[in-house]
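Notes for the one structure printed next.
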């Protein structure tokens, strides 16, 4: 027979060990956990990443950094943070959303709390619109219930069926709760090529008038961009209640990239591959890109999107 003292000691040790193993600081070092209520983003680290990895987008970096940090530092936001990123392919929209996701959840796009939707993959059939709306609502409701700090990224918004995104309108509105769930700590990001022509024209107008692109401010583009997106049938936000109800906090323009920005992308990719930067290779890759307008050839028509593929050709060098 076991002595009562021995049994009591064993139970105490077991309880203490169970308590230690289940403690969040220990458990969450092995299993991804949702950030705590008092979680704050590191503004300095986020700024450094944006400055060193995202090129030619002074406006997007400034707007997103201020918006995200203001949201993160607010203990009781009135609604989720909703950003709509616009610009041509290769200008950095996906890249910025990935950086942001990594700062909210360390695993970034691999996190179970970060959710990426691709219009052509997840919502391909127009005749399934009603089903997609129900699935989208259920998916967002379930994931925010599991983690209030969930991040939702909607890519290819310009290929989204009109009216579909309005299904999430209740989650973006100024409600304390919807069916017992609060969405106020979540982040929603829309990525779209729509509006790129408007942004490019504004950038070219600045260049033609002899002004530096760094002088472009959000007020020069945001109103024009929101109206253009609202009236664009191929924007995914055509006549959307999200715009009509002012539920999108910022329309973030991504400017077309110049020769110098393409070269920055080439150098960054070479460093990422462990190569020493060779300016001859940098110039060679940049020379293989195509630029517009036809006469001036100022802006890369694919941004930095094909830099990796172009650099592959020069790997032997």
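The first residue you see is number 1, and the count goes up from there.
Note that Cβ sites are derived from N, Cα and C of the backbone, with glycine treated the same way.
Per TrEMBL, the features are:
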BINDING   87, 88, 89, 90, 91, 92, 93, 94  ATP binding site
DOMAIN    257-312  domain 'Torsin-1A C-terminal'
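Feature map: TrEMBL annotations on the structure.
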residue: 87; record: ATP binding site; Cβ contacts under 8 Å, 6 or more apart: 93, 193, 195, 196, 199, 253, 254, 255, 256
residue: 88; record: ATP binding site; Cβ contacts under 8 Å, 6 or more apart: 193, 196, 199, 200, 254, 256, 301, 302, 303
residue: 89; record: ATP binding site; Cβ contacts under 8 Å, 6 or more apart: 193, 302, 303, 305
residue: 90; record: ATP binding site; Cβ contacts under 8 Å, 6 or more apart: 257, 300, 302, 303, 304, 305, 306
residue: 91; record: ATP binding site; Cβ contacts under 8 Å, 6 or more apart: 56, 57, 254, 255, 256, 257, 303, 304
residue: 92; record: ATP binding site; Cβ contacts under 8 Å, 6 or more apart: 54, 55, 56, 57, 60, 254, 303, 304
residue: 94; record: ATP binding site; Cβ contacts under 8 Å, 6 or more apart: 155, 191
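Listed in chain order, the extra residues whose Cβ falls within 8 Å of the Cβ center of the ATP site residues 87, 88, 89, 90, 91, 92, 93, 94 are 95, 193, 254, 303, 305. Within 10 Å of the C-beta of residue 93 (ATP binding site) we count 28 further C-beta atoms, all protein chains included. Under DSSP, the residues of the domain 'Torsin-1A C-terminal' (257-312) split into helix, strand and coil as follows: 29 helix, 5 strand, 22 coil. Confidence in the domain 'Torsin-1A C-terminal' (257-312), given as mean pLDDT, stands at 94.
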